[in-house]
Amino acid sequence: MMKTMATRVGGIATISTASIAKSLLLLFLWLAISLTSATSQSSGIDEGDDGGGAVFTVSSKFAGMDRSLSAMKAHDSLRHLQMLAGVDLPLGGTGRPDAVGLYYARIGIGTPSRDYYVQVDTGSDIMWVNCIQCTECPKKGYHGLELTLYDPKDSLTGELVSCDQQFCVEISGGPVSDCSANVSCLYTELYGDGSFSLGYFVKDIVQYDRVSGDLQTKSANGSVIFGCGARQSGDLDSSDEALDGILGFGKSNSSMLSQLASTGRVRKMFAHCLDGVNGGGIFAIGHVVEPKVNTTPLVQNTPHYNVNMTAVEVGREFLNLTGDVFEIGNKKGTIIDSGTTLAYLPQVIYEPLVKTILSWQSDLKLRTLHDQYLCFQYSESVDDGFPPVTFHFESSLSLTVYPREYLFPFEGLWCFGWQNSGMQSRDTMNITLLGDLVLSNKLVLYDLENQVIGWTEYNCSSSIQLKDEVTGSVHLVGAHYLSPAWRLSSQWCIIFLLTTALLHDLVY
């Protein structure tokens, strides 16, 4: 039952029509927002099931209306504006090796949508989030962030992916053995540090921010198949490093980027600028037109973003390396991976590199911490006392890493971020991999349409320019720093504000 408001005038209770109007207006606004939210979320269900046998009742937007050419063109124009538009993915976290080094983004999943925080990883393909079956998943993770378990049954648009669907056949490399109707499509995602995620695939609506103007976005969505994680291991279930999941931005067709691009929602290109000073940074899907970025070809027939390194320069001195050291065994090219914190170099590169750097300060006393970090004590400016390191790549592209980037403070010492991959396990032995330590403070562009990758030094707390492929206009996309301290959805914010306004009228 709803109570009307009363005010006291000269000791006599009277009804305030203005107060009633305010209350009715607020109630109307709340109902309108709720209906709009439900409509916008359900409108994302526009893709059929690949062999799931489901039947949907389909009706035209223009049913029962005169289908004038102008009305249909207006409808098409509005739809086209929602396609091939840029996407702004807010970032949080940091790549510092002396802390829990990871960058993460916020996405919405399901109907109604709930927020999930996922690590951004260009070194893997699939997206997955922890699911309700994960009984051992931590309740709190990175910086005390409260974690959310995804439950397909709680989403009106969530559905299981069966093992006989085309997606499962492709990701499994062929028909799944012992597959029968209504059997889930399972996944196992292994990572270079030995951790893994096990679970099954689901399909649901993913909400993201579509660029609509300078530093402005509007909500958009699309159906995406992703992993529902039932069990994790290693750092993935560590309370210090845990997030809701991982958002893979790899090259394969199973990535969220590839799935959205296949439906015309986005272009198959993205860029990130990881702020190594303040944390967070820029992550955008679309055509970056400013700053200008020189590129180098991607190595073909490799699962990762591999490029051909040609030389290593320390200060102004080139290391005496032969061309074959950049391709050891079946390790082709250098891997660019935002999901890795440090930089890993084959022993034949690592040893002369570190030796040449240390020659600039010959009296240092070296220590090894935790059996992996080569460290020393140094009280002066590292940028003044040590040389920059420049990696050279095919097509005359270079990447310079400064001492403040490849050295990091740890337990009162300075430690090298370079790691000897010759000491790694068999699968990762002698790989060349450049992680956040090298990639931070640079805009890195991944262009899968033209099979190139590039970068340029950049202020990652500023903004970039993204082109709208439909209108031709250019919009600014700015930096973000997500704070894990407050995880409150916009819908609950609206409820809170409306409730506060109503209580204000009741009291005053």
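Every residue, even glycine, has its Cβ placed from backbone N, Cα and C.
Taken from TrEMBL, the feature active site covers Asp121, Asp337. Positions annotated as domain 'Peptidase A1' by TrEMBL: 103-456. Sequence annotations record features per position, and here TrEMBL assigns signal peptide to 1-40.
A distance of 7 Å separates the Cα atom of Asp337 (active site) from that of Asp121 (active site). Across the domain 'Peptidase A1' (103-456), mean pLDDT in this model comes to 91. Neighbour density for Asp121 (active site): within 10 A of its CB lie 22 other CB atoms from the protein chains shown.
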